[in-house]
Amino acid sequence: MAEDGGAAVTAAEADEIERAAEAALRPRRLAEFVGQRVVRDQLSLVLEAAVARHRPPDHVLLAGPPGLGKTTLAMIVASEVGAALRLTSGPAITHAGDLAAILSALQENDVLFIDEIHRLARPAEEMLYLAMEDFRVDVVVGKGAGATAIPLSLPPFTVVGATTRAGLLPAPLRDRFGFTGHMDFYETGDLERVLHRSARLLGIELDAEAAHEIASRSRGTPRIANRLLRRVQDWAQVRGTGVADTAAAAAALEVFEVDPRGLDRLDRAVLRSLCTRFGGGPVGLTSIAMAIGEEPETVETVAEPFLLREGFLTRTPRGRVATAAAWAHLGLTAPEGGPSRLFD
Ligand SMILES: Nc1ncnc2c1ncn2[C@@H]1O[C@H](COP(=O)(O)OP(=O)(O)OP(=O)(O)O)[C@@H](O)[C@H]1O
């Protein structure tokens, strides 16, 4: 049976199982964090300097596509400086009052992780500037003309913000971060190291060729690599020899519809709609998202960065355009004078 057991599980339970499996594989210290050498070196300097000065580190912004390790790094920041971590997210803070409650409960040196910080509501954003710069929050008491702002000073703390869309952050907020780490997709070799580490933690025997096969189909993303490893583990235990070998990897990846270039259903749906419904583009992101029944943000943050990087898609001022590689990958013929003409 698969790791989520034979009994029916709800979608929420399945999510919970995935989250727990993910949490068990998180590196706890910077030295265990594989890849992202530039960000790791920069962060290591910032954290060591803060520890030497006995002061909380500067606020840190982590930018990059989902699943590259932003939450993991936020946890590492807290553990490296021996601080407690508080977690929240932009969408969870619907009123400035929610943020005021979180800020006023902070203890000295705490690390406050704000995921999807680009989705903070404007009044909360303004409150955050003040808190990050002056360690102060104005608590508004009363309503209308009688409302008064009572300043409340906060202990020194560190904000670690994560965003998939750094461009959406207003400049005043971006400027309050002393350090921005730009996270990029992982090289296959780094993902192989992530997989070997995860296999050890999961108690799976993983051979080198299988690790390479899984890594090269993981879209440069450790979260995906770990998820595929668990599916290969399922296949190996149920249908194979128990060892995550090349046969298990190839079979499991086929079952879960991950193609040899690492494209999954969403990626292929984006490319297919671009080619077959919109003649290869140019077409707007919203039209593509509507055609495949997805949110524009999902297409933009989950599928598009990988498709751009792999050269299946380009962005032009008039919209998204499928490249010759996209047509070829789908086994389709580009229209006469097709994509190449569009790049003139
Ligand atoms: N450098 C790494 N080394 C080993 N494992 C990693 C690394 N980066 C991420 N992971 C693993 O990938 C998974 C996803 O990481 P994480 O949740 O930190 O990503 P994220 O960037 O915060 O994603 P999102 O923004 O979607 O929440 C975790 O299980 C973590 O163990």
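Backbone N, Cα and C define each Cβ position, glycine as well.
Just so you know, TrEMBL annotations are computer predictions that nobody has curated.
The ATP site in TrEMBL is built from Leu25, Arg26, Gly67, Lys70, Thr71, Thr72, Glu133, Asp134, Phe135, Tyr186, Arg223 plus one of Arg122, Arg176, Arg231, namely Arg176.
Taken in sequence order, the binding-site residues Leu25, Gly67, Thr71, Tyr186 that lie near ligand 1, meaning a CB under 6 Å from one of its atoms, are Leu25, Gly67, Thr71. Taking the C-alpha positions, the distance from Leu25 (ATP binding site) to Arg315 (DNA binding site) comes to 35 Å. A sphere of 10 angstroms centred on the C-beta of Phe135 (ATP binding site) encloses 15 other C-beta atoms. Assigned with DSSP, the residues of the region 'Head domain (RuvB-H)' (260-344) fall into helix, strand and coil as follows: 47 helix, 9 strand, 29 coil. Rounded to a whole number, the distance between the Cα atoms of Arg315 (DNA binding site) and Phe135 (ATP binding site) is 41 Å. Residues Leu25, Arg26, Gly67, Lys70, Thr71, Thr72, Glu133, Asp134, Phe135, Arg176, Tyr186, Arg223, recorded as binding ATP, reach a greatest CA to CA spacing of 37 Å. It is Arg315, among the binding-site residues Arg315, Arg320, whose Cβ has the fewest other Cβ atoms within 10 Å in the structure shown.
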